[in-house]
Amino acid sequence: MVNAYGAFQSYYESTLLPSSSSSSISLIGSLQVFFLFFVGTLTGRMFDAYGTSVMLPVGSVISVFALMMVSLAQKDHAYQVFLSHGVLFGIGISLLYNPSVAVLGHWFKRRRALAIGIATGGSASGGVIMPIILGQLIPRVGFPWAVRIIAFVVMGCLVVSCLTVRTRLPLSGHFTWRTAIDFGGWKDPRYTLATIAAFLLFYAFFVPYFYIQIYANFQGVEPGIADYLVAILNAMNVPARILPAIFADRYGTLTVFVPVAAVCSVLLLGLWLPSRNSASIIAFAALYGLFSGGFSSLLPTYIASISPRESLGARLGSVYMVVAVATLAGTPTGGALLKEVDQKHFNALIIFAGALTTAGTVVLAIAGVVHSAKLRRLFIRRVSSSRQAEGAAD
């Protein structure tokens, strides 16, 4: 549903909330992502203590109820959509996402990256289906019933999850607010650098997902094509979350993560920025979806690889707290840059996203250098040799 928000954004801007600005409407989508990650700070530690037996059913009920409330929203009553789609739905999915990723650490070690990739591929698959359902049903049954039907689909998926997801390893059974965040991870430079990189990457990550359909409409792309761009992005996300995970299990997470992030930087600045027709826009949507999908599976995989098992949920939660701030600010910042729907302001939006992704790639590469024991030894050896040469010269 988070990945499908671009379809909602387009409908909100054109029909349901025409009096609201693009930045305000994107804030609704950012809020659900913010709660998804920020409340994950607490749900990570709650998972370490109590597992999934309570959080998944409660999160399922809240999520479905929130979508039903979205279906009752009235035209130009932005606060109704803000509270239901942004706040309530965000809290609901926050109880679902982090435990569903962290529990895989109980069952997989050697193939952990692949397992996480397959699991997070579910969100990409839903991101393909949900925009198509919404686009096809709105003309037939109207927006309210289209959202209700989506809510019933979501409910069916979550019932299966509640019945099947289980922990395997012993749980601590102890939760305190003081230990909800694991600050010990910040002492590890690899963890710190990965968190900074995650902030930069996710600040820009959702910009194409929220604005590609609006950009296509501006460029005169046929509605029959523009309406499917979000689905194309998410369709390419499915292999993007699984294939990088296979290579990550074999060659190392950062060995895959850094090139994937670098390619996304090139696509933003080298393909989306100069695109002016349907062919180039579709190509960007497909390729960006193919490479950006690895972000969601590779980040938790890397954090899992450098974290003790007993504090994995809390450390994931701490990273997601930082990611939450980035996602909350990212797309509204993009909306503020897009003051007017014209080429100049779209260029500013795209350059903004490309620059942040490039910066995140650089920090991630530095984390890779710190992570590599071989490179660290080589660096220390060269520094020592340099100092010895300077001493001899003196």
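Cβ coordinates come from backbone N, Cα and C, glycine included.
Curation plays no part in TrEMBL annotations; they are all automatic predictions.
Features reported for this protein in TrEMBL:
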DOMAIN    1-371  domain 'Major facilitator superfamily (MFS) profile'
TRANSMEM  24-42  transmembrane segment
TRANSMEM  54-73  transmembrane segment
TRANSMEM  79-101  transmembrane segment
TRANSMEM  113-133  transmembrane segment
TRANSMEM  145-165  transmembrane segment
TRANSMEM  191-216  transmembrane segment
TRANSMEM  228-247  transmembrane segment
TRANSMEM  254-273  transmembrane segment
TRANSMEM  279-304  transmembrane segment
TRANSMEM  316-338  transmembrane segment
TRANSMEM  350-373  transmembrane segment
When counting Cβ pairs under 8 Å to the transmembrane segment (145-165), the leader among 54-73, 79-101, 228-247, 316-338: 54-73
Contact call for the transmembrane segment (316-338) against the transmembrane segment (113-133), three or more Cβ pairs under 8 Å: no
Distant-in-sequence neighbours of the transmembrane segment (24-42), which means Cβ under 8 A and at least six residues beyond its ends: 1-2, 5, 8-9, 12-13, 17, 78, 81-82, 85-87, 89-91, 93-95, 97-98, 180-181, 206, 210, 316-318, 320-321, 323-325, 327-332, 334-335
Tertiary contacts of the transmembrane segment (191-216) (same chain, 6+ residues out, Cβ under 8 Å): 3, 5-7, 9-10, 13, 22, 26, 29-30, 33, 185, 225-227, 229-230, 233, 261, 268, 272, 278, 281, 284-285, 288, 292, 295, 299, 302-303, 306-307, 315, 318-319, 322-323, 325-327, 329-331, 333-334, 338, 341, 346, 349-350, 352-354, 356-357, 359-361, 363-364, 366-367, 370
Leading contact stretch, 54-73, 79-101, 228-247, 350-373 vs the transmembrane segment (254-273) - CB distance under 8 Å: 350-373
The transmembrane segment (79-101) and the transmembrane segment (54-73) contact flag, 3+ Cβ pairs under 8 angstroms: yes
